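According to Swiss-Prot, the features are:
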ACT_SITE  166  active site, proton acceptor
ACT_SITE  285  active site, proton acceptor
BINDING   114, 164, 168, 286, 318, 370  substrate binding site
BINDING   192, 194, 195  Mg(2+) binding site
MOD_RES   5  N6,N6,N6-trimethyllysine
MOD_RES   192  N6-carboxylysine
SITE      325  site 'Transition state stabilizer'
């Protein structure tokens with residue numbers, strides 16, 4: 001006779017283990033689970049643990065050939081979400097050995113690969129992941145990190161300034177380079193390729209790289225500052241992406257750029273390794289993130305994508321703006337900004353941080369505030385993001401009635417004024433606009 005009965009069995013018998021003590025090497029996940037009516041929360045939580053680790057819908061005889069106790073994911077805690085009917089946070093612990101070392105791709109394939117289409121769940125959202133040092137240490141992480149970047153650029157004690165070149169599609173390479181030069185000459189540290197600028201018929205990548213490099217060197221000579229332009233190396237194949245990164249390095253420019261979600265984590269990690277080996281900084285754009293993180297009840301929170309990027313590698317990443325949005329959102333955004341920059345981040349549910357995260361010595365990533373911001377937001381941005389950030393004004397630079405260079409000057413003057421006022425102990429939240437008004441009187 002066989003040692004088990006055929007048929008569908010309850011997951012919670014095997015995968016719901018409230019007495020489990022989590023190990024330091026476990027990867028922990030917090031899922032927001034919305035079960036279908038009639039499905040008990042323990043069963044839903046256990047189903048998530050099972051389907052994202054060793055489980056399948058029935059018992060198979062090959063289960064006897066492995067040690068489930070050693071390899072199974074475990075749902076070790078379930079708590080109702082306050083104010084929501086029939087919604088729970090399920091905490092799942094995964095043994096370290098379920099994941100390939102140094103592969104964000106494999107981490108996501110396992111944890112979020114299959115389980116989101118599961119019938120017993122109405123919706124499922126991955127809110128946070130605790131990455132143990134035992135796993136994070138298998139990644140290179142950011143090519144350089146915040147401190148090394150400051151040393152390379154020789155810029156200290158203030159946020160960095162950027163600008164996306166607009167109109168994002170349609171300019172010729174020559175005119176594009178001209179806009180880059182004007183912005184950098186006016187006082188910005190960086191200009192940026194838009195995320196959808198790759199290599200289109202109106203502007204091929206090689207021409208753009210060339211004219212942008214010319215703009216960078218000209219602006220550097222005239223200002224005596226180090227300048228950069230995020231040359232977007234994203235391409236249709238990994239080989240083509242690497243070809244573009246190599247060409248950028250041959251031109252001697254300081255930084256390239258990648259769209260890490262559309263390009264994929266495998267491509268991103270390869271590029272990050274190349275960037276460290278060759279002294280290039282890497283700017284990361286999060287195109288496609290809202291497809292994954294916009295829904296409150298389903299998908300993945302951006303803080304998970306941010307942690308994944310820190311492991312995969314990038315020196316800058318776009319992180320929203322916080323300005324003009326709701327207060328609660330500010331706390332949550334600052335939560336994942338800290339996850340990007342700091343070595344050790346305490347668990348704090350009010351900021352959406354479900355687990356204490358210890359990055360040990362992995363370099364940090366500079367958060368980039370970009371999108372719909374302009375010079376009058378400068379006091380708030382300086383205060384919220386602090387010095388370790390990149391503030392990007394696209395239309396807020398190029399939309400200046402006098403032109404690109406005066407737009408760049410305005411941003412730089414405002415930034416320097418805000419930083420100085422803050423260092424003198426003035427309250428930017430209250431006096432910010434006044435600070436900028438005073439500065440503009442003396443600005444050329």
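Indices start at 1 and increase along the chain as displayed.
Cβ from N, Cα, C; glycine included.
Of the listed binding-site residues, namely 194, 195, the sparsest Cβ surroundings within 10 Å are found at 194. In the shown protein chains, 23 other C-beta atoms lie within 10 A of the C-beta of residue 370 (substrate binding site). For residue 168 (substrate binding site), the nearest neighbour among the listed binding-site residues (192, 194, 195), judged by C-alpha distance, is 194. Those same-chain residues not listed among 192, 194, 195 yet with C-beta within 8 angstroms of the centroid of the Mg(2+) site C-beta atoms are 164, 165, 168, 193, 196, 197, 230, 232, 257, 285. Here the CA atom of residue 166 (active site, proton acceptor) lies 10 Å from the CA atom of residue 192 (Mg(2+) binding site). Taking each Cβ in turn and tallying the other Cβ atoms within 10 Å, the top scorer among the binding-site residues 168, 286 is 286. Counting other C-beta atoms within 10 Å of each candidate's C-beta, the binding-site residues 192, 318 are led by 192. Cβ crowding, taken as the number of other Cβ atoms within 10 Å, peaks at 285 among the active-site residues 166, 285. The maximum pairwise C-alpha distance among 114, 164, 168, 286, 318, 370, the residues recorded as binding substrate, is 37 Å. With all protein chains in the displayed structure included, the most crowded Cβ environment within 10 Å among the binding-site residues 114, 164 is that of 164. Across the structure, residue 194 (Mg(2+) binding site) and residue 285 (active site, proton acceptor) are spaced 9 Å apart at their Cα atoms.
Under the DSSP three-state reduction, residue 318 (substrate binding site) is assigned to strand.
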